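Annotated features in Swiss-Prot:
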- 53, 54, 55, 56, 57, 58, 59, 60: ATP binding site (BINDING)
- 428-438: compositional bias 'Basic residues' (COMPBIAS)
- 40-219: domain 'Helicase ATP-binding' (DOMAIN)
- 243-390: domain 'Helicase C-terminal' (DOMAIN)
- 395-438: region 'Disordered' (REGION)
- 9-37: motif 'Q motif' (MOTIF)
- 165-168: motif 'DEAD box' (MOTIF)
């Protein structure tokens with residue numbers, strides 16, 4: 001994490017439980033991010049908060065530290081049953097729930113608190129076995145949590161801490177009725193520590209907070225600009241016929257260490273995957289139709305570096321916590337201005353530098369004025385020579401073909417026949433076909 005992203009507040013100087021401090025120190029957490037520095041002193045006084053913070057600001061660790069500290073510092077409710085968690089963390093997506101659980105496990109090492117996770121797309125029985133053994137902190141999506149509550153598999157009578165993450169996204173996805181259903185089955189708001197985080201504290205989000213929380217303190221880390229200064233943006237105006245060749249050419253020029261390519265439709269994403277796979281890249285596909293187990297595997301491969309490129313619809317634009325994404329390519333300009341911000345926000349995180357490259361083709365160019373108005377600046381335009389684009393591109397792969405476990409191709413574009421060579425780990429010589437780097 002870049003030092004520019006951190007505050008001067010040390011975790012060691014906060015009145016945290018010794019086991020929480022030990023877990024933080026062992027995992028390299030020394031200084032707080034701004035949202036952590038503002039929210040933790042409030043939460044450690046057992047006061048509720050409604051926090052405004054973007055993804056990548058450290059809010060996950062803020063509410064996890066507060067949750068663990070609260071449970072370790074508060075007596076277990078009298079008469080608590082094994083099927084009653086003490087804390088519940090609600091997330092809008094499976095991917096976000098999984099990432100939160102991974103971070104929670106880091107803190108759980110020395111605390112003896114059990115962490116459980118539930119979400120749709122996985123076997124009920126497998127998740128139920130974990131719940132039957134008892135969990136202290138339950139993390140999950142609202143739909144699956146409600147299923148288990150209605151079946152009597154879990155009870156909410158012993159809840160002492162509640163986290164609602166990405167509350168604005170919960171509204172977007174229509175989950176607010178589910179959230180209110182769960183809140184009504186918990187102890188009264190003044191008997192638990194309540195935490196809400198949202199990218200925006202709109203009136204509807206604030207209404208939710210005041211309905212189900214105990215006079216929450218508003219904590220805001222609002223960026224001065226909607227897009228990070230760490231992200232270099234550029235936009236091209238390709239024809240629909242040249243978009244794919246331009247993308248493949250730019251990827252060769254940039255040779256990104258880790259990139260996400262966004263498109264607006266599942267069909268377009270599948271087409272992109274086919275061309276990138278056919279061109280020898282290590283690429284994964286993430287859309288709403290991908291089975292959950294495969295989604296998890298793809299994200300793990302992308303995170304670990306087994307895949308270099310992830311092609312995704314906006315299902316992946318929020319809730320993904322993947323470090324070191326160097327490039328984001330908007331193959332299609334999104335219809336929703338906020339989606340543009342969320343997409344490019346996958347890079348340039350935690351003080352790191354990032355690149356955002358967008359295409360304004362005939363179909364989606366009309367979205368650009370609204371996007372630029374929303375982000376309060378014009379996106380610099382880059383030009384290219386059509387004749388300089390790659391021409392000898394391999395045949396696209398079949399979408400149903402099993403992904404090879406081999407390595408990403410490292411091609412010598414200077415040869416007429418474009419012979420392939422396997423990636424050795426070293427960056428290839430840059431081919432500046434579009435003259436962007438001249």
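Positions of Cβ are set from backbone N, Cα and C atoms, glycine also.
Counting only same-chain residues at least 6 apart in sequence, those with a Cβ under 8 Å from the Cβ of residue 58 (ATP binding site) are 5, 32, 33, 34, 35, 36, 350. The binding-site residues listed here are 55, 57, 60; among them, 60 has the most other Cβ atoms within 10 Å of its own Cβ. Within 10 Å of the C-beta atom of residue 56 (ATP binding site) sit 20 other C-beta atoms, taking all shown protein chains into account. Other than the site residues 53, 54, 55, 56, 57, 58, 59, 60, same-chain residues with C-beta atoms no more than 8 angstroms from the centre of those residues' C-beta atoms, the ATP site, are 33, 35, 197, 221. In this model, the motif 'Q motif' (9-37) carries an average pLDDT of 95.
Counted within 10 Å of its Cβ, the other Cβ atoms near residue 59 (ATP binding site) come to 26, all protein chains included.
Residue 53 (ATP binding site): 25 other CB atoms within 10 A of its CB, across all protein chains. Secondary structure counts, DSSP: the motif 'DEAD box' (165-168) has 2 helix, 0 strand, 2 coil.
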